[in-house]
Amino acid sequence: MSTYTRPVMLLLSGLLLLTLAIAVLNTLVPLWLAQEHMSTWQVGVVSSSYFTGNLVGTLLTGYVIKRIGFNRSYYLASFIFAAGCAGLGLMIGFWSWLAWRFVAGVGCAMIWVVVESALMCSGTSRNRGRLLAAYMMVYYVGTFLGQLLVSKVSTELMSVLPWVTGLTLAGILPLLFTRVLNQQAENHDATSITSMLKLRQARLGVNGCIISGIVLGSLYGLMPLYLNHKGVSNASIGFWMAVLVSAGILGQWPIGRLADKFGRLLVLRVQVFVVILGSIAMLSQAAMAPALFILGAAGFTLYPVAMAWACEKVEHHQLVAMNQALLLSYTVGSLLGPSFTAMLMQNFSDNLLFIMIASVSFIYLLMLLRNAGHTPKPVAHV
């Protein structure tokens, strides 16, 4: 059976349009708030409201999928995000935008859980690495194109909201021409997220998603600040961030294929070791281009490989709950990691960014090496 089936291709096509809309809004909302002369703490609280919505959406989506299936859950998630987009134009104010960004956060997280769970359930233990690699490539390409759109079109609020809302609704169209089957058995009891987080044989995958959240959250949020403090111009910062993200895009497919062929444990060990090497190279401040490239290629591909590792340790009917647990773990890591790292950078040195990334990666590498002889046979084959 082909890895990239018609439902998978149509699902990823819809996701590309949704990711474009998400990237544009996430970039422009803080700027719009600043234009309304809102204080820094208000901008921060509105951003936190969005991420709080992410957490709530992650927790709710498993129940929604079980009740109405993948297709209708995807439509619902898209409509919720579209409402969060359009609502920004109804009333411009702190409390109004606090509420609408929460709604958008819920819809965004629901989209991620639905798409990731559908891909997990569509694949087998032999091709999930490639499916998740394709998913991450679409996500990063959509994010890149979204940034490109921001630089080429008018960024006025009432100019952007109509076409961003339209993009979100257009993301529904591909799924109208196919049906993603919900293959969870009806005779199984509902699986809780907590039980998945506690599952011993999947712990390396859960921990890997937390580490991935810390690494990517820190790189996304703090790398521009690090470069700025080193005297790099804004234009050059954009170039170096493009190098980082491009490396992540280029690394997805080959690493996903290697994980399917040689096993995810081996690939995870190599990835984490390369992240440590890239961090050390950045600290040495020699040859920043190759250092950033290998850091991006290894760091940005941790999440899909760790996710595939965890999902092959559970039964098929547990995949949606496991995916929720993994996305929740990633979100927690991406929230806590940058906050703690930023405090260290402010009080000590900007170099703590890469020391922190190398340290958490080293701890995870020890976990991976410790489990050398404990690799139970995958159970989610079908």
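Glycine too: its Cβ is placed from the backbone N, Cα and C atoms.
As written in Swiss-Prot, here are the features:
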type	residues	note
TRANSMEM	14-34	transmembrane segment
TRANSMEM	45-65	transmembrane segment
TRANSMEM	79-99	transmembrane segment
TRANSMEM	102-122	transmembrane segment
TRANSMEM	131-151	transmembrane segment
TRANSMEM	157-177	transmembrane segment
TRANSMEM	204-224	transmembrane segment
TRANSMEM	235-255	transmembrane segment
TRANSMEM	270-290	transmembrane segment
TRANSMEM	291-311	transmembrane segment
TRANSMEM	325-345	transmembrane segment
TRANSMEM	348-368	transmembrane segment
>> Counting Cβ pairs closer than 8 Å, which of 102-122, 131-151, 157-177, 348-368 has the most of them with the transmembrane segment (235-255)?
In response: 131-151
> Is the transmembrane segment (102-122) packed against any residues at least 6 beyond its ends, judged by a Cβ distance under 8 Å, and which are they?
Replying inline: 5, 7-8, 11, 15, 18, 22, 25, 49-58, 60-62, 64-65, 70, 73-74, 76-85, 87, 128, 131-132, 135, 180-184, 307, 311, 316, 319-320, 322-324, 327, 331
>> Under 8 Å for C-beta pairs, could you tell me which stretch among 45-65, 79-99, 157-177 has the largest tally with the transmembrane segment (325-345)?
In response: 45-65
>> Three or more CB pairs closer than 8 Å, sequence separation of 6 or more: does that hold for the transmembrane segment (79-99) against the transmembrane segment (291-311)?
In response: no
>> As a test: from 131-151, 157-177, 204-224, 270-290, 291-311, pick the stretch that has the greatest number of Cβ pairs under 8 Å with the transmembrane segment (348-368).
In response: 270-290
> Which one of these stretches, 45-65, 157-177, 204-224, 291-311, has the most C-beta pairs shorter than 8 Å to the transmembrane segment (131-151)?
Replying inline: 291-311
>> Which sequence-distant residues neighbour the transmembrane segment (270-290)? Criterion: at least 6 residues beyond either end, Cβ under 8 Å.
In response: 211, 215, 240, 243, 255, 297-299, 301-302, 305, 351, 354-355, 357-358, 361-362, 364-365, 368
> What parts of the chain pack near the transmembrane segment (291-311), using Cβ distances under 8 Å and only residues at least 6 beyond its ends?
Replying inline: 116, 120, 128-129, 132-133, 135-136, 140, 202, 204-209, 211-213, 215-216, 219, 240, 243-252, 255-256, 259, 264-265, 267-268, 271-272, 274-275, 277-279, 281-282, 284, 319, 322-323, 325-326, 330, 357, 380
